[in-house]
Amino acid sequence: RTATVWKTLCPFWGEEYQVHLLPTFHSVAFYVMDEDALSRDDVIGKVCLTRDTLATHPKGFSGWAHLTEVDPDEEVQGEIHLRLEVVLGTRACRLRCSVLEARDLAPKDRNGASDPFVRVRYNGRTQETSIVKKSRYPRWNETFEFELEEGAAEALCVEAWDWDLVSRNDFLGKVVFNVQRLRAAQQEEGWFRLQPDQSKSRREEGNLGSLQLEVRLRDEMVLPSGCYQPLVQLLCHEVKLGTQSPGQLILLIEETTSTECRQDVATTLLKLFLGQGLAKDFLDLLFQLELGRTSEANTLFRSNSLASKSMESFLKVAGMRYLHGVLGPIIDRVFEEKKYVELDPSKVEVKDVGCSGLHRPQTEAEVLEQSAQTLRAHLVALLSSLSRSVRACPAVVRATFRQLFRRVRERFPSAQDENVPFIAVTSFLCLRFISPAIMAPKLFHLRERHADARTSRTLLLLAKAVQNVGNMDTPASRAKEAWMEPLQPTVRQGVAQLKDFITKLVDIQEKEELDLQRALSLQAPLVKEGPLFIHRTKGKGPLMSSSFKKLHFSLTTEALSFAKTPSSKKSTLIKLAHIRAAEKVEEKSFGSSHVMQVIYTDDAGRSQTAYLQCKCVNELNQWLSALRKVSINNTGLLGSYHPGVFRGDKWSCCHQRDKTDLGCDKTRSRVTLQEWNDPLDHDLEAQLIYRHLLGVEATLREKHRQLSAGPEAGPVLTGPGGGRCFPPEPPFGDGGWGLPPRGPPAFQTGATLPAVPSSCICLQPPRTQWPSCSRYCRTSGRPIGPAQLAPPPWSPAASWSCRHEAAPHNMLSPARCWETPVHSQLFTLVPLVGVHGLGLSWAE
């Protein structure tokens, strides 16, 4: 749910959400609502994008979409469980329809539930089930029969309705079956998604407005970890070698990455190396590459290079909690004061200030002086908070800044460039981290809502002042906006304060870094914390009452704990390994919204449920997402659950009387939000990098050919196995995978098979036929005969080697190696990145 924009017909939100969905989702709908304080919110209109629509826009759907009127007959959801049989008889066949149950029906009544029944229609006859009161998860277990007529083309229609005593019944959805197909299949049973009623013609709609959206669907098939190990090992080896690497893979990735996807690639690489403990080394390599091509100090790290983008992502992933501690109190104070602040004389509006204590409007000079005092106070508070935060800064962030400071000082050692190492640090810390967070606190999770116009202006002026301090108060920064002059004394004082802070920040030795990281590793990482209301029951039987008590909860990678206050001693509520599901609770269950349930087992192995209430729907989804992510690998996760509560002698959702019933709705453990503090997913990051490499494969080959074209290539090389290796010229083959390449003129049939590296990248599409030489799959250990399919599992990073290979062989320079196997067919081994003998260094 976005924030509410009050009293406007042209709202701006600027909010971004990333949601992990189940592969079976059908559509995404956006509802524009009108918030009412006393009554229910009104629906203005909606935009619905189907999965097929999103699939036709690989780079994402972007643009204005017209709002459509919300038709109650089209607002359906849920599934119905049916069993259909064709019963053969002596005279005629009969169609038997068993209506078993339904789940997740749309709530049509004010109590958050419905009173559903099912209507079955065939060949002019209609039969109905009983009505289940106040349930979105009804169970009927009723059977109806219809006589089948030969050649009848009538369809079987199963409709779900919400019964109303006074008004007309509400439509809940329908499923239509082809009877001829049923006759051929004889029997069909399963869960069927309820469809809207689109038989009615749509009336002309008025202008409801438009909604501007940017929606991108990304579908990734993530393979087991072992499939990515060669690629991860190669990338890690490249980073460990640094600028001494002969393959220069990181440089190649940077040069082949377009501007539009550079941020995604940088974030993915950063997370991958962060999970491998090599984030500092990766960034240090990027620093060296950037410094190597920079000649002027004033242009250092000013472009949107891979180094700049990776460092931005690194600070957000590793330093966000640190940012909240430093900047949070200052941002809160700005929002609470809501003062009018303006330094630009051309923009001062005296009428917005009101009257002073002397009952006269303030003059422009008074407004400017008061604004300068307010900004000076905020800037001094921020710099003081920053100066005190050296020990609070994560060790890996300090060590990375130390490397940056050291590399820049080595590159620009002269006395006139003494400020350059400091500016290099502040270019990331102030200009790309603190200042953006000040201007858009909601995007950095510092506030729940965007600032209004007055507060936004104050934040913008404060961010400009921080930028001037970060630029070390250079003449160029002062010349841009002369009206910032009233803050110059504070800025100059801040420069000295900031330089002292940076000197202390980068003064961290290797031993201290290791000690801090070791101490941090002994603590369970904090995933999420905040106030929640826990459900408590009092009494038994008819006198039982329930209430919610406010406590401070903390979720780590070990347990969900609570305390009376954030500083109080914590008590463990649920051990992480015992969580079996985290799901929403129906609103009618407690008469309250935004309630979730955590199903877990206690130390005795008994199933327990904790009910927790959040203050808003966004917080509810954030807690559910965090709980699901940290428990995703638990054993014994539930496949179904009860969205209601067991009160008295039955479940409030499906009215079943068995408390140990499996559940009437399916769990959604894979539906999560993507947040800045998500646990690292090593396999996903490796898959994203692998997909990117495939996308730029042709460019990588061309770049590698250019790097390989040198005197070290040599005309012809002979391997230890006696085979002949030819240089990459002239270009052989026609560039298509699976097509037989053309051999060089010097090739002689019957030559000895050359030795090849022990592992090769498999860039063949899945389930592609392999060449007719005998191959050995190291994944399964089974030999592959001529022209056979590779055994499952097929993976884009499987390891292959020829059974007839000779002794281990490392190519000394990039070249195309041609081999003649026993079957006298030509093959080529093409160097992918020019790093040989390191696993994923060759492509077949």
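Note: Cβ is positioned from N, Cα and C throughout, glycine not excepted.
Any TrEMBL annotation is an automated prediction that lacks curation.
TrEMBL has this to say about the protein:
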| type | residues | note |
| --- | --- | --- |
| DOMAIN | 1-65 | domain 'C2' |
| DOMAIN | 76-192 | domain 'C2' |
| DOMAIN | 261-471 | domain 'Ras-GAP' |
| DOMAIN | 525-632 | domain 'PH' |
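Residue counts for the domain 'C2' (76-192) under DSSP (helix as H, G, I; strand as E, B; rest coil) come to 7 helix, 60 strand, 50 coil. DSSP assignment over the domain 'C2' (1-65) gives 5 helix, 24 strand, 36 coil. Across the domain 'PH' (525-632), DSSP helix (H, G, I), strand (E, B) and coil residues number 24 helix, 55 strand, 29 coil. In the predicted model, the domain 'Ras-GAP' (261-471) shows an average pLDDT of 88.
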